[in-house]
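Asks: Can you keep this structure in mind? I'll have questions shortly.
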Amino acid sequence: MKRSASDSPLLFDLPLAPDFSQEQQLMKRGLKHIAGIDEAGRGPLAGPVVAAAVVLDQNDLPEGLDDSKRLTAARREALYEIILTKAITVSVASLSARSIDASDIHKAALEAMRRAVIGLTLKPCHALVDGRDVPPGLPCPGSALVKGDQRSVSIAAASIVAKVTRDRMMIRAGAAHPPYGLEIHAGYATQKHRAAIESEGPVPGLHRYTFAPIKGRFDC
């Protein structure tokens, strides 16, 4: 990986698209199955945080994998189906808004990641985790990669699976709670969502009562 002049690990030059080089470095050490881990839903005012763990087949990597945020919804959906077909194993886990409020979003996201890895049908030799922290309690060693979804195809695959899974959950939540428009914004703090919270109030079990502007203003 090319470094900037400062050689800061946070200021590396990102590749145009994620690749398999991170995984290959680990495989050269004799580690066969490498899991990519990512989550979706840290910032919204409503809904769960969802994590995914994916172990790709190095001989059958899906084409076009990228950070889910850089893909259209249609492309994410298409790649989601391809990942489920081609990956060696995929696992998803989520923590509810109540669980997020009971701890905090950072801890909840790490716990969702841990559960996703545990849910894989085989124990990975190593986990590549998007972000700065490796979840405690993983069943294998792990490495944190800042902007990992733009560096590792395994993490990119996990980001797509987590995002599509959560978006589908929020579409169902939107059908159950029409005033909030959850199927449109997936629970993020859009003007429409904030206005609906003001007029209708937050929904217990759906909204995150520890997040502004809900925090301290409404009873659970």
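Heads up, the Cβ atoms here are built off N, Cα and C, so glycines get one too.
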Asks: For the divalent metal cation site that Swiss-Prot gives with ASP38, GLU39, which of ASP104, ASP130, ASP133, ASP167 also belongs there?
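Replies: For divalent metal cation, Swiss-Prot names ASP38, GLU39; of ASP104, ASP130, ASP133, ASP167, the listed one is ASP130.
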Asks: Including all protein chains shown, what's the count of other C-beta atoms within 10 A of the C-beta of GLU39 (divalent metal cation binding site)?
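Replies: For GLU39 (divalent metal cation binding site), the 10 Å Cβ neighbour count is 28.
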Asks: Quick one: among the binding-site residues ASP38, ASP130, which has the most Cβ atoms sitting within 10 Å of its own Cβ?
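Replies: The residue with the densest Cβ neighbourhood is ASP38.
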